[in-house]
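Chemist: The following block contains the structure, expressed as structure tokens.
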Amino acid sequence: MLIDVLELVTNKKDLEYDQVKNLLDNILEGELDEIKFGAFLAALKTKGETEKEISAFVDAFYDKAKKLNFDHPATIDTCGTGGDGKGTFNISTAAAIVLSCFDVKVAKHGNRSITSNSGSADILEKLGIDIQAEEDKILKGLEKLNFAFLFAPLYHPAMKKVANLRRSLGIRTVFNILGPLLNPVPLKYQVVGTFSFDAQDKVASVLRGNRKKAAVIHSLDGLDEISISQKTRVLEIQDKNIKEYYIDPKDYGIKFDTNSIRGFSPEENARILISVLEGEKSPYFWAVVLNCGFALYICEVAKDVEEGIKLSSKAIESKKAYLKLKELRQFYKSGV
């Protein structure tokens with residue numbers, strides 16, 4: 001089966017959903033021919049993955065995932081693809097903590113760093129939060145504190161099968177955009193940052209029709225966040241429609257150089273996050289309130305981004321966000 005599909009893809013033929021899904025199901029149930037599957041991934045990348053092909057990857061790995069039974073009308077994730085190569089501070093993780101101060105349930109899906117200094121798992125671990133909490137703890141945390149971290153390797157054991165191959169290939173493949181599409185919690189809302197405009201288009205096409213409201217973002221200066229330096233392209237998804245527009249930070253009185261929000265070690269990033277939640281008005285602060293403000297708009301807490309920024313700022317300035325972090329550290333103690 002794999003050789004037949006490989007022949008089609010190397011000739012730049014698009015595949016049907018069932019062709020890819022059946023292939024992946026067989027691979028995940030049986031033996032993996034790394035050479036042929038690696039060639040398939042590389043050929044698929046060269047051809048350009050279609051919505052049907054990506055959806056088949058998502059469904060095949062989601063079928064094998066450990067899922068969490070948590071149904072709520074306002075579940076949201078702010079997990080990005082990572083891999084933008086900019087080495088910025090953990091903006092979406094900090095924004096997720098502020099977001100949990102509101103009446104939404106933040107299911108933060110993430111992993112350790114692969115390309116940056118500090119992934120979401122790394123910084124949360126340094127904050128003393130157990131990134132491998134048991135399921136009952138996760139569900140209780142979502143219910144009581146509006147926040148849980150879902151450490152991707154715990155929920156996607158099937159990914160281990162392709163881990164060595166991905167490392168050996170050393171190039172971006174369809175797997176680099178799957179993470180945000182595989183949250184173990186059923187999401188109503190989502191903000192996904194991507195590493196390129198091409199990835200942005202692909203993720204948006206797959207999300208369409210699968211969330212109540214979502215947005216996929218990539219900035220002109222290459223960030224997988226809403227930028228505080230340049231305009232950010234937004235693909236907003238609602239009712240199966242995709243609307244494109246740009247967010248300019250200057251419209252909200254925010255303008256800083258991208259280098260002003262660079263990230264460091266997990267320890268240093270944890271210190272920066274605490275300083276943000278304590279209300280220190282640094283570029284990091286404005287990056288967090290801008291991104292949280294946008295998320296509040298997407299999950300329909302704020303009527304627009306401007307109101308979202310005001311709400312985010314108030315949550316920090318009132319110490320509500322800092323107290324939330326203290327609650328999370330106490331609840332998800334890791335002993336670090």
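Even glycines carry a Cβ here, placed using N, Cα and C.
As the structure is a computational prediction, the values presented were derived from the model and not from experiment.
According to Swiss-Prot:
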| type | residues | note |
| --- | --- | --- |
| BINDING | GLY80, ASN111 | anthranilate 1 binding site |
| BINDING | GLY80, 83-84, THR88, 90-93, 108-116, SER120 | 5-phospho-alpha-D-ribose 1-diphosphate binding site |
| BINDING | SER92, GLU225 | Mg(2+) 1 binding site |
| BINDING | ARG166 | anthranilate 2 binding site |
| BINDING | ASP224, GLU225 | Mg(2+) 2 binding site |
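Situate these features within the shown structure.
Modeler: Neighbour count (other Cβ atoms within 10 Å of the Cβ, all protein chains): 25 for GLY80 (anthranilate 1 binding site).
ASN111 (anthranilate 1 binding site) has a Cβ environment of 19 other Cβ atoms inside 10 Å. Under the DSSP three-state reduction, ASN111 (anthranilate 1 binding site) is assigned to coil, being neither helix nor strand.
Its Cβ placed at the centre, SER92 (5-phospho-alpha-D-ribose 1-diphosphate binding site) has 28 other Cβ atoms within 10 Å.
Counting every protein chain shown, 17 other Cβ atoms lie within 10 Å of the Cβ of ARG166 (anthranilate 2 binding site).
All chains included, 28 other C-beta atoms sit within 10 angstroms of the C-beta of ASP224 (Mg(2+) 2 binding site).
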Chemist: Between ARG166 (anthranilate 2 binding site) and GLU225 (Mg(2+) 1 binding site), find the distance joining the two CA atoms and give it rounded to the nearest Å.
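Modeler: Given the Cα positions, ARG166 (anthranilate 2 binding site) is 25 Å from GLU225 (Mg(2+) 1 binding site).
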Chemist: Between HIS109 (5-phospho-alpha-D-ribose 1-diphosphate binding site) and GLY80 (anthranilate 1 binding site), how many Å separate their Cα atoms?
Modeler: 9
Chemist: Using a 10 Å radius around each Cβ and all protein chains in view, which of these binding-site residues has the most neighbours: HIS109, ARG112?
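Modeler: Within the set of binding-site residues, the most crowded position is HIS109.
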Chemist: Have a look at the binding-site residues GLY80, SER92, ASN111, ARG112 and say which one has the shortest Cα distance to ASP224 (Mg(2+) 2 binding site).
Modeler: GLY80
Chemist: Spatially, which candidate from the binding-site residues GLY80, ASN111, GLU225 is nearest to THR88 (5-phospho-alpha-D-ribose 1-diphosphate binding site), comparing Cα atoms?
Modeler: GLU225
